[in-house]
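Undergrad: Handing you a structure now.
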Amino acid sequence: MCQETPPRPRAPSRWTPALLALLALGGAGLCHASSQPGYHARPSARNKNWCAYIVNKNVSCTVQEGSESFIQAQYNCPWNQMPCPSALVYRVNFRPRFVTRYKIVTQLEWRCCPGFRGPDCQEGPKDHMKTPRPPSARPKNNLKKATDTDPSQVSQPKKTLSPTNAVEPGQVADAKQGPPELQQSKVQVLEEKVVRLTRMVLDLQSTVVGLKENLKHTIQDDGRKEPDSWLGPLHPQPTPDSPLAGDAEPSQLPGIPSSKESGMKDIKSELAEVKDTLKTKSDKLEELDGKVKGYEGQLKQLQEAAQGPTVTMTTNELYQAYVDSKIDALREELMEGMDRKLADLKNTCEYKLVGLQQQCDDYGSSYLGVIELIGEKEASLKKDIADLRAQLQDPVAQPSCCNGQKSSDFGPQIKALDQKIERVAEATRMLNGRLDNEFDRLSVPEPDADFDARWTELDARINVTEKNAEEHCFYIEETLRGTINGEVDDLRKLLNEKIHSLEDRLGIVLQAANSSDVELTPMGPALPEQPGAENEQVLMELSRLKDKVQVVEDFCLQSLPHGIDGALPSVEDLTHVSLSLLESLNDTMHRQFQETSHSIQKLQEDVNALHSQLNHSECTGTYLQNGVSDSRTGDSMEASGFTKTGEQERTVGTVPSPGTPAAPCCGQLEERWQKLQNQMLAELDTCKESAHGVQSGVSAIEGRVFQLEQTCRRLDTISGSLQRIKEGLGKHVGSLWNCIRQMNGTLKSHSRDISGLKNSVQQFYSHVFQISTDLQDLVKFQPSATEEPSEATEGPSGKTPLESTRPSEEAPTEPPRLTPLPEDPAGPPQTGQQPVLPQRPLQPPPLPAWPGRTGLPFLPGSSGVIMETGEAGPPGRMGVSGRGLPRGVDGQMGQGPIHSSEGYAGAPGYPKSPPVTTPGVPLPTLVSFSAGLTQKPFPSDGGVVLFNKVLVNDGDVYNPNTGIFTAPYDGRYLITATLTPERDTYVEAVLSVSNASVAQLHTAGYRREFLEYHRPPGAVHTCGGPGAFHLIVHLKAGDGVNVVVTGGRLAHTDFDEMYSTFSGVFLYPFLSHL
């Protein structure tokens, strides 16, 4: 709905009559805001002192800006029911909202042509007219000058002279024109056009006179109509194809008289005043409308603040937000619970480890005490046995009187005892070794050991112990209950028997007492002789019986109220009895241990006594041996004859006989040896019992050691399987690394090939660009020979002044099209180019590889240089380019000095020389980078974004620590960046090149001034999606490129996910260096 006119770049020759007609009528004012002279009228146009220029104009447009809600009242009436109920239904509907916007359009405006000046553009550069001119007044602008706020400022084109007073074309021509034949032909053409246009102007003047005559009648008839309708016949309606736009106003020609000119001027002045008034009113209305809209916006904000925030999200977004919040809360709760659980488990493990360490220390100390005790006992036993063995060896070796059958029986027993003691000592040593190993293992807790199995084993053992204790308690309780019940039953039976016996005896006594008087005489012999003593005895017996009966009665009376069950002990009593029994068992075991220790001490004392007795026996044996030796000497003396009666008697009286004095000694020794044997047997039984207890403990320890060995074997198997798994994983990882190395090598080779292809393509592009530049130069230097006579006003030696003042405007705006390469790969590659001037081949270009290049670009990886020489092609056919120049299509860079229907064959091209590297310019290499953001980009609210995750960094041109890409070469670079804000926020960023802003980005969109939008301050920012930079920039070597965030919040995650990226690639070097 924009009120605009399509722009026209320039008025062609076929529009000249229409332009002249509109000029004759006065023309219509056109908008001339910010005029830009870009083009001028053709030289053959009539009245060349006025020219149409292209200008820009601000126009107002009504555009749709969203929608607004309104409440609509509806009657809830059924179909065909005339008496409709009065109940109204209010519904909320939406309608589009339109606002007024401004835009810039391009239109035409009349101004003085170049070379003309003056108020009416009638003064030319060399205007020496001798004929007088009538005064030509500048057409007045009847409309009021527009203010700055009015975008449609109107200006009228100037009036032109009559055809009779027009300046001839030959008067404006320059003296340095072409030959007279061309000028004469051009003048003839112009004269014909002037005659034709003069005839058309006369017809238009007659039409205007008729219109003015009809104006008088129209004003009289339609005086009550609006003033705008009065000028309806005078305003020509613009058409879409019309070169002009706007309201046309009538203009009086100077040669035509009018009687109503003053009235028309008054009407125009009144119309202008009315328009000004309406414009003022409309401005005020617009201002008032803006204020009302501002007040409405403020009222809406107040209502929203009073009612609370309105829901602007959809149902799915609300559900998604609710689910996200719940998931976040659940995640936080799970993490907190896991942290607490881990902390509790850690504390529990530490507490259990401390308890286990303490328990191991206690076990170690107790085991050490047992080891010391056993060692002491073993040492003492070894010492005693050694002493006993040393004492027994000497008497056994010497012959004595006691060597008999019993001594021969006592030797094997002593040997058996020694063997048993040896076995006990060996078992004790083995037990000590095992205990030492166990203490060494338990004293130092293993940090990597798995205590779960041990805790499980301890729990199982504790459970088994508790179960056994409970079963034992139940067994003791049942046993005690049965025993107590049996004892009570026996007691009751015994009491009943005694009571029955007492009753019987009492009955007998009473019966005897009663019958004592009647049967006194027959019983007299049976009674004792003393009646007093008998009575006393009976009374004593009766009193004793009474006492017993009283005791039994008291006992029965005490047990009767409680019944039989009352006499039984309760569970607590039984438990107490069980505890007392256990304590008694423990005391018994302790007492037995003490008794064992006492018996061992007693055994030691007996051994000492035996030692002393053996010493005494040895003394006795020595005495007996001396006596035997004396008796032998006595016999020898008696045999030799030296006998004396007194000496023989003394010898016989002194030396006892072998039978008489030796018998009591041997009897005492036999008794002592019997006592010693009995004592040793008793001690041996005690040692056996102790050995059985130790053996049971050793068997328990062996069972535990066996369980540990089984657990270790299982752990060994598990560790072996884990080792095999580890080895398999190591082999698999090694194979994967080998594959990765192979892939890296393949990628490197592919990268080299791609880089070679890329360099070749860049070199080909540079060659094509150079060829297009050469073609443009050729087009500029070639003369034109196909223009019409009306346009061929310039000679081969120069141009007209008008064209010399604007050399840049005559250049073609589009580059010439290049002939594509032949598709046949077998044929020689040729490039269709423009023929050059004759002088151009004499001066080789600075880079001769491009004009005469006939080969294809370098292939990747080729190291050699292809040297080819262009051959002369066949004659080319006539081809017309954009500027009318002939061109040999099939020939190569040949010469075309003569314009004919058929071109000559092209000359051979220049041989290709190797490219010359510009000194001081490094050869470009592969440069590209790509990085993403996975962490917080900067510590503060804004700054340079540090894209930390580098994906590609060829050439090491990007520094993730600073977030800056440094260009290594001069050339063109493609820079891209994608920035994603957090939800419900925005991001405002700048792409900076060498600390200079190149592009800006705001994800919420660009925001204009509030005066233009009529929005109140404090409007809410509209959040948008991600934003991106994507542009090609020219960078010099050493320039730094980075992304700077100036507002908002940039999204980042902690899970190695990229939402924002920054990339760049080197396209090609700067063309001036190639």
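Note that Cβ sites are derived from N, Cα and C of the backbone, with glycine treated the same way.
So Swiss-Prot has the following annotated:
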type     : residues : note
COMPBIAS : 149-165  : compositional bias 'Polar residues'
COMPBIAS : 219-228  : compositional bias 'Basic and acidic residues'
DOMAIN   : 852-913  : domain 'Collagen-like'
DOMAIN   : 922-1073 : domain 'C1q'
CARBOHYD : Asn58    : N-linked glycosylation site
CARBOHYD : Asn463   : N-linked glycosylation site
CARBOHYD : Asn514   : N-linked glycosylation site
CARBOHYD : Asn586   : N-linked glycosylation site
CARBOHYD : Asn615   : N-linked glycosylation site
CARBOHYD : Asn744   : N-linked glycosylation site
CARBOHYD : Asn995   : N-linked glycosylation site
MOD_RES  : Ser636   : phosphoserine
REGION   : 121-184  : region 'Disordered'
REGION   : 219-264  : region 'Disordered'
REGION   : 627-661  : region 'Disordered'
REGION   : 783-865  : region 'Disordered'
REGION   : 893-917  : region 'Disordered'
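Walk me through where these features lie, including what they touch and how far apart they are.
TA: Per-residue pLDDT, averaged along the domain 'C1q' (922-1073), amounts to 84 for this model.
Around the Cβ of Asn58 (N-linked glycosylation site), the number of neighbouring Cβ atoms within 10 Å comes to 16.
Around Asn463 (N-linked glycosylation site), no same-chain residue at least 6 positions away in sequence has a Cβ under 8 Å from its Cβ. In this structure, Asn463 (N-linked glycosylation site) is part of a helix by DSSP.
A 10 Å cutoff on Cβ-Cβ distances gives Asn514 (N-linked glycosylation site) a total of 10 other Cβ atoms nearby, all chains included.
Annotation note: Asn586 (N-linked glycosylation site) sits in a helical segment as assigned by DSSP.
Neighbour count (other Cβ atoms within 10 Å of the Cβ, all protein chains): 11 for Asn615 (N-linked glycosylation site).
Its own atom aside, the Cβ of Asn744 (N-linked glycosylation site) has 10 Cβ atoms within 10 angstroms in the protein chains shown.
Under the DSSP three-state reduction, Asn995 (N-linked glycosylation site) is assigned to coil, being neither helix nor strand.
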Undergrad: Compare the Cα of Asn744 (N-linked glycosylation site) against each of the glycosylation sites Asn58, Asn514, Asn586, Asn615, Asn995 and report the nearest.
TA: Asn995
Undergrad: Between Asn615 (N-linked glycosylation site) and Asn514 (N-linked glycosylation site), what is the CA-CA distance rounded to a whole number of Å?
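TA: If we compare the Cα positions of Asn615 (N-linked glycosylation site) and Asn514 (N-linked glycosylation site), the gap is 82 Å.
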Undergrad: Could you round the CA separation between Asn514 (N-linked glycosylation site) and Asn586 (N-linked glycosylation site) to a whole angstrom and send it over?
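TA: Asn514 (N-linked glycosylation site) to Asn586 (N-linked glycosylation site), Cα-Cα distance: 62 Å.
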Undergrad: Among all protein chains shown, how many Cβ atoms are found within 10 Å of the Cβ of Asn586 (N-linked glycosylation site), not counting that one?
TA: 10
Undergrad: Could you give the Cα-Cα distance between Asn58 (N-linked glycosylation site) and Asn586 (N-linked glycosylation site), in whole Å?
TA: 117
Undergrad: In Å, rounded, how far does the Cα of Asn995 (N-linked glycosylation site) sit from the Cα of Asn586 (N-linked glycosylation site)?
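TA: Rounded to a whole number, the Cα-Cα distance is 94 Å.
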